[in-house]
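Asker: Here it is, the structure in full.
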Amino acid sequence: MKYNRILLKLSGEALMGDRQYGIDPKRLAEYAAEIKQLHDKGVQIAIVIGGGNIFRGVAGASNGMDRVQGDYMGMMATVINAMALQGALEDTGMQTRLQTALKIEAIAEPYIKRRAVRHLEKNRIVIFGAGTGNPYFTTDTAAVLRGIEVDCDVILKGTRVDGVYDSDPEKNPNAVKYDNITFDDVLTKGLNIMDTTAFTLSQENKLPIIVFDMNKPGNLLKVCEGATVGTTVNI
Ligand code: UDP
(Lines of atoms letter the chains of each structure in order from A and count residues from 1; the text may use other names and numbers.)
(Lines give C-alpha, C1' and ligand atoms only; values in the text may rest on other atoms or scores of the structure.)
Protein backbone atom coordinates (compact mmCIF):
# COMPACT_ATOMS: atom_id res chain seq x y z
CA MET A 1 0.00 0.00 0.00
CA LYS A 2 1.27 3.43 -0.87
CA TYR A 3 -0.68 5.09 1.93
CA ASN A 4 -1.07 3.64 5.39
CA ARG A 5 -3.19 6.28 7.08
CA ILE A 6 -5.64 8.27 5.02
CA LEU A 7 -8.21 11.00 5.54
CA LEU A 8 -11.20 10.45 3.28
CA LYS A 9 -13.31 13.55 2.64
CA LEU A 10 -16.82 12.93 1.34
CA SER A 11 -19.24 15.72 0.56
CA GLY A 12 -22.71 15.61 2.00
CA GLU A 13 -24.11 15.73 -1.52
CA ALA A 14 -22.37 12.47 -2.34
CA LEU A 15 -24.71 10.72 0.10
CA MET A 16 -27.80 11.84 -1.81
CA GLY A 17 -27.24 9.35 -4.60
CA ASP A 18 -30.01 10.07 -7.12
CA ARG A 19 -32.12 11.96 -4.61
CA GLN A 20 -32.55 15.72 -4.35
CA TYR A 21 -32.08 15.86 -0.59
CA GLY A 22 -31.00 13.76 2.38
CA ILE A 23 -29.40 10.36 2.45
CA ASP A 24 -29.70 7.42 0.06
CA PRO A 25 -29.21 4.15 2.00
CA LYS A 26 -28.06 2.37 -1.17
CA ARG A 27 -25.28 4.91 -1.68
CA LEU A 28 -24.27 4.59 1.97
CA ALA A 29 -23.98 0.82 1.62
CA GLU A 30 -21.90 1.22 -1.56
CA TYR A 31 -19.50 3.58 0.18
CA ALA A 32 -19.26 1.27 3.17
CA ALA A 33 -18.28 -1.58 0.83
CA GLU A 34 -15.59 0.58 -0.82
CA ILE A 35 -14.21 1.57 2.56
CA LYS A 36 -14.23 -2.04 3.71
CA GLN A 37 -11.97 -3.09 0.83
CA LEU A 38 -9.41 -0.64 2.13
CA HIS A 39 -9.90 -1.56 5.75
CA ASP A 40 -9.34 -5.24 4.89
CA LYS A 41 -5.89 -4.29 3.58
CA GLY A 42 -4.99 -2.73 6.93
CA VAL A 43 -5.15 0.90 5.85
CA GLN A 44 -5.96 3.21 8.78
CA ILE A 45 -8.98 5.30 7.85
CA ALA A 46 -10.21 8.65 9.13
CA ILE A 47 -13.27 10.23 7.52
CA VAL A 48 -14.68 13.74 7.39
CA ILE A 49 -18.12 14.16 5.89
CA GLY A 50 -19.87 17.32 4.75
CA GLY A 51 -23.44 18.41 5.33
CA GLY A 52 -24.48 20.04 2.06
CA ASN A 53 -27.20 17.44 1.41
CA ILE A 54 -29.03 18.72 4.47
CA PHE A 55 -28.03 22.29 5.27
CA ARG A 56 -25.46 24.92 4.35
CA GLY A 57 -24.89 28.07 6.38
CA VAL A 58 -24.55 30.32 3.34
CA ALA A 59 -27.87 29.06 1.97
CA GLY A 60 -29.55 29.98 5.25
CA ALA A 61 -27.87 33.40 5.23
CA SER A 62 -29.12 34.10 1.71
CA ASN A 63 -32.66 33.56 3.03
CA GLY A 64 -32.13 36.09 5.81
CA MET A 65 -30.98 33.71 8.54
CA ASP A 66 -28.10 34.67 10.79
CA ARG A 67 -24.97 33.22 9.21
CA VAL A 68 -23.46 31.90 12.41
CA GLN A 69 -26.71 30.19 13.39
CA GLY A 70 -26.86 28.66 9.91
CA ASP A 71 -23.29 27.44 10.12
CA TYR A 72 -23.96 25.67 13.40
CA MET A 73 -26.96 24.05 11.73
CA GLY A 74 -24.64 22.97 8.91
CA MET A 75 -22.29 21.43 11.48
CA MET A 76 -25.20 19.52 12.99
CA ALA A 77 -26.05 18.29 9.49
CA THR A 78 -22.57 16.79 9.23
CA VAL A 79 -23.21 14.91 12.47
CA ILE A 80 -26.38 13.38 11.02
CA ASN A 81 -24.42 12.24 7.96
CA ALA A 82 -21.60 10.96 10.13
CA MET A 83 -24.03 8.88 12.18
CA ALA A 84 -25.61 7.45 9.03
CA LEU A 85 -22.19 6.52 7.67
CA GLN A 86 -21.15 5.07 11.01
CA GLY A 87 -24.19 2.81 10.96
CA ALA A 88 -23.47 1.65 7.41
CA LEU A 89 -19.81 0.93 8.22
CA GLU A 90 -20.74 -1.04 11.32
CA ASP A 91 -23.26 -3.06 9.31
CA THR A 92 -20.29 -4.47 7.39
CA GLY A 93 -18.59 -5.49 10.63
CA MET A 94 -16.02 -2.71 10.95
CA GLN A 95 -15.37 -0.98 14.24
CA THR A 96 -15.87 2.76 14.23
CA ARG A 97 -15.74 5.77 16.51
CA LEU A 98 -17.42 9.10 15.94
CA GLN A 99 -15.67 12.16 17.36
CA THR A 100 -17.30 15.55 17.09
CA ALA A 101 -15.89 19.05 17.31
CA LEU A 102 -19.05 20.12 19.16
CA LYS A 103 -19.81 18.07 22.25
CA ILE A 104 -22.81 15.74 21.90
CA GLU A 105 -22.04 13.30 24.67
CA ALA A 106 -24.89 10.85 24.12
CA ILE A 107 -23.83 9.96 20.60
CA ALA A 108 -20.17 10.80 20.07
CA GLU A 109 -16.83 11.21 21.75
CA PRO A 110 -15.47 14.73 21.89
CA TYR A 111 -12.60 15.26 19.46
CA ILE A 112 -9.38 14.33 21.25
CA LYS A 113 -6.39 13.98 18.99
CA ARG A 114 -4.52 11.39 21.03
CA ARG A 115 -7.61 9.28 21.37
CA ALA A 116 -8.32 9.49 17.65
CA VAL A 117 -4.78 8.31 16.87
CA ARG A 118 -5.16 5.41 19.30
CA HIS A 119 -8.40 4.35 17.57
CA LEU A 120 -6.67 4.45 14.20
CA GLU A 121 -3.80 2.36 15.51
CA LYS A 122 -6.38 -0.22 16.59
CA ASN A 123 -7.83 -0.18 13.07
CA ARG A 124 -11.04 1.49 14.11
CA ILE A 125 -12.44 3.86 11.55
CA VAL A 126 -12.62 7.35 13.02
CA ILE A 127 -15.29 9.70 11.69
CA PHE A 128 -14.86 13.36 12.55
CA GLY A 129 -18.19 15.18 12.77
CA ALA A 130 -19.27 18.82 13.20
CA GLY A 131 -16.50 20.14 10.94
CA THR A 132 -13.97 22.31 12.77
CA GLY A 133 -16.58 23.34 15.34
CA ASN A 134 -16.36 26.94 14.11
CA PRO A 135 -18.66 28.95 11.85
CA TYR A 136 -17.23 30.38 8.60
CA PHE A 137 -15.24 27.21 7.93
CA THR A 138 -15.95 24.26 5.68
CA THR A 139 -15.67 20.54 6.05
CA ASP A 140 -12.82 20.63 3.51
CA THR A 141 -10.89 22.73 6.01
CA ALA A 142 -11.91 20.30 8.78
CA ALA A 143 -10.61 17.43 6.63
CA VAL A 144 -7.21 19.02 6.10
CA LEU A 145 -6.96 20.15 9.72
CA ARG A 146 -7.74 16.70 11.13
CA GLY A 147 -5.57 15.09 8.47
CA ILE A 148 -2.61 17.12 9.68
CA GLU A 149 -3.42 16.65 13.36
CA VAL A 150 -3.68 12.86 13.25
CA ASP A 151 -0.78 12.60 10.82
CA CYS A 152 -2.47 11.19 7.73
CA ASP A 153 -0.34 10.53 4.63
CA VAL A 154 -2.85 12.06 2.23
CA ILE A 155 -6.26 13.70 1.88
CA LEU A 156 -8.51 11.72 -0.45
CA LYS A 157 -11.25 13.94 -1.78
CA GLY A 158 -13.93 11.65 -3.15
CA THR A 159 -16.08 13.46 -5.71
CA ARG A 160 -18.31 12.84 -8.71
CA VAL A 161 -15.61 13.85 -11.19
CA ASP A 162 -12.54 11.78 -11.93
CA GLY A 163 -9.99 14.49 -11.24
CA VAL A 164 -8.86 18.04 -11.88
CA TYR A 165 -9.16 19.40 -15.42
CA ASP A 166 -7.71 22.50 -17.09
CA SER A 167 -11.29 23.63 -17.74
CA ASP A 168 -14.77 22.41 -16.83
CA PRO A 169 -15.18 18.97 -18.48
CA GLU A 170 -18.97 19.32 -18.33
CA LYS A 171 -18.77 22.43 -20.53
CA ASN A 172 -15.63 21.85 -22.59
CA PRO A 173 -15.34 18.44 -24.35
CA ASN A 174 -11.62 19.10 -24.96
CA ALA A 175 -10.80 19.65 -21.30
CA VAL A 176 -7.59 17.89 -20.27
CA LYS A 177 -7.21 16.06 -16.98
CA TYR A 178 -4.07 16.38 -14.85
CA ASP A 179 -2.63 13.22 -13.29
CA ASN A 180 -0.33 15.31 -11.13
CA ILE A 181 -0.22 19.02 -10.44
CA THR A 182 1.57 21.21 -7.91
CA PHE A 183 -0.17 23.41 -5.36
CA ASP A 184 1.46 26.45 -7.01
CA ASP A 185 0.14 25.50 -10.46
CA VAL A 186 -3.38 25.04 -9.10
CA LEU A 187 -3.21 28.60 -7.81
CA THR A 188 -1.63 30.19 -10.90
CA LYS A 189 -4.08 28.43 -13.21
CA GLY A 190 -7.00 29.45 -10.99
CA LEU A 191 -8.29 25.88 -10.62
CA ASN A 192 -10.84 25.17 -7.96
CA ILE A 193 -10.17 22.12 -5.78
CA MET A 194 -11.04 23.20 -2.26
CA ASP A 195 -11.76 26.53 -0.63
CA THR A 196 -8.69 28.71 -0.11
CA THR A 197 -8.41 28.10 3.64
CA ALA A 198 -8.37 24.33 3.22
CA PHE A 199 -6.06 24.47 0.22
CA THR A 200 -3.50 26.76 1.86
CA LEU A 201 -3.48 24.68 5.04
CA SER A 202 -2.72 21.59 2.99
CA GLN A 203 0.00 23.34 0.99
CA GLU A 204 1.71 24.86 4.03
CA ASN A 205 1.82 21.49 5.75
CA LYS A 206 2.90 19.57 2.65
CA LEU A 207 -0.09 17.25 2.85
CA PRO A 208 -0.95 15.96 -0.64
CA ILE A 209 -4.56 15.90 -1.88
CA ILE A 210 -5.92 13.34 -4.33
CA VAL A 211 -9.18 14.22 -6.10
CA PHE A 212 -10.87 11.11 -7.48
CA ASP A 213 -14.23 9.66 -8.51
CA MET A 214 -15.63 7.96 -5.42
CA ASN A 215 -18.58 6.56 -7.35
CA LYS A 216 -16.46 4.22 -9.46
CA PRO A 217 -16.18 0.88 -7.64
CA GLY A 218 -12.63 -0.06 -6.66
CA ASN A 219 -11.25 3.46 -7.11
CA LEU A 220 -10.66 4.14 -3.44
CA LEU A 221 -8.54 1.02 -3.10
CA LYS A 222 -6.63 1.77 -6.31
CA VAL A 223 -5.78 5.26 -5.09
CA CYS A 224 -4.30 3.82 -1.90
CA GLU A 225 -2.32 1.26 -3.87
CA GLY A 226 -0.71 4.15 -5.73
CA ALA A 227 -2.41 3.65 -9.11
CA THR A 228 -2.83 6.70 -11.32
CA VAL A 229 -6.42 7.40 -10.48
CA GLY A 230 -7.74 10.94 -10.24
CA THR A 231 -5.42 13.92 -9.78
CA THR A 232 -2.70 14.22 -7.16
CA VAL A 233 -1.93 17.70 -5.88
CA ASN A 234 1.49 17.88 -4.26
CA ILE A 235 4.27 20.36 -3.55
N1 UDP B 1 -19.66 24.26 8.67
C2 UDP B 1 -19.12 25.21 9.53
N3 UDP B 1 -17.85 24.99 10.02
C4 UDP B 1 -17.11 23.90 9.71
C5 UDP B 1 -17.66 22.96 8.81
C6 UDP B 1 -18.93 23.16 8.31
O7 UDP B 1 -19.74 26.21 9.83
O8 UDP B 1 -15.99 23.76 10.22
C9 UDP B 1 -21.05 24.43 8.19
C10 UDP B 1 -21.20 25.39 7.01
O11 UDP B 1 -22.42 26.10 7.17
C12 UDP B 1 -21.29 24.46 5.83
C13 UDP B 1 -22.06 23.27 6.41
O14 UDP B 1 -21.57 23.18 7.74
O15 UDP B 1 -21.99 25.03 4.78
C16 UDP B 1 -21.88 21.96 5.68
O17 UDP B 1 -20.53 21.71 5.39
P18 UDP B 1 -19.93 21.78 3.89
O19 UDP B 1 -20.61 22.86 3.14
O20 UDP B 1 -18.45 21.84 4.01
O21 UDP B 1 -20.38 20.37 3.35
P22 UDP B 1 -20.16 19.69 1.90
O23 UDP B 1 -20.12 20.79 0.87
O24 UDP B 1 -18.86 18.95 1.94
O25 UDP B 1 -21.33 18.77 1.78
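A Cβ is built for glycine as well, from the same backbone N, Cα and C atoms used for every other residue.
TrEMBL: automatically predicted annotations, no manual curation.
Keep in mind that this is a model prediction, so the values were computed, not measured.
Dumping what TrEMBL says about this protein:
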- 4-213: domain 'Aspartate/glutamate/uridylate kinase' (DOMAIN)
- Lys9, Leu10, Ser11, Gly12, Gly52, Arg56, Thr159, Tyr165, Asp168: ATP binding site (BINDING)
- Gly51, Asp71, Thr132, Gly133, Asn134, Pro135, Tyr136, Phe137, Thr138, Thr139: UMP binding site (BINDING)
Asker: Using a Cβ cut-off of under 6 Å to any atom of ligand 1, determine which of the binding-site residues Ser11, Gly51, Thr132, Thr138, Thr159 qualify.
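Answerer: So the answer is Ser11, Gly51, Thr132, Thr138.
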Asker: Fill in the CA-CA distance, Gly52 (ATP binding site) to Tyr136 (UMP binding site), as an integer in Å.
Answerer: 14
Asker: Calculate the distance in Å between the alpha carbons (Cα) of Thr159 (ATP binding site) and Thr132 (UMP binding site), and round it to a whole number.
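Answerer: Thr132 (UMP binding site) has its Cα 21 Å from the Cα of Thr159 (ATP binding site).
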Asker: List nothing but the one residue from Ser11, Asn134, Thr138 whose Cβ has the fewest other Cβ atoms within 10 Å; the candidates are the binding-site residues.
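Answerer: Among the binding-site residues Ser11, Asn134, Thr138, the sparsest Cβ neighbourhood within 10 Å belongs to Asn134.
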Asker: So which of the binding-site residues is most packed in, judged by how many other Cβ atoms lie within 10 Å of its Cβ, out of Thr132, Thr159?
Answerer: Thr132
Asker: Do you know offhand how many angstrom separate Asn134 (UMP binding site) and Lys9 (ATP binding site) by C-alpha?
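Answerer: Asn134 (UMP binding site) and Lys9 (ATP binding site) have their Cα atoms 18 Å apart.
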Asker: Once the chains shown are all counted, how many other Cβ atoms turn up within 10 Å of the Cβ of Tyr136 (UMP binding site)?
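Answerer: Within a 10 Å radius of the Cβ of Tyr136 (UMP binding site) lie 12 other Cβ atoms.
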Asker: How many whole Å apart are the CA atoms of Lys9 (ATP binding site) and Thr138 (UMP binding site)?
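Answerer: Taking the Cα atoms only, Lys9 (ATP binding site) lies 11 Å from Thr138 (UMP binding site).
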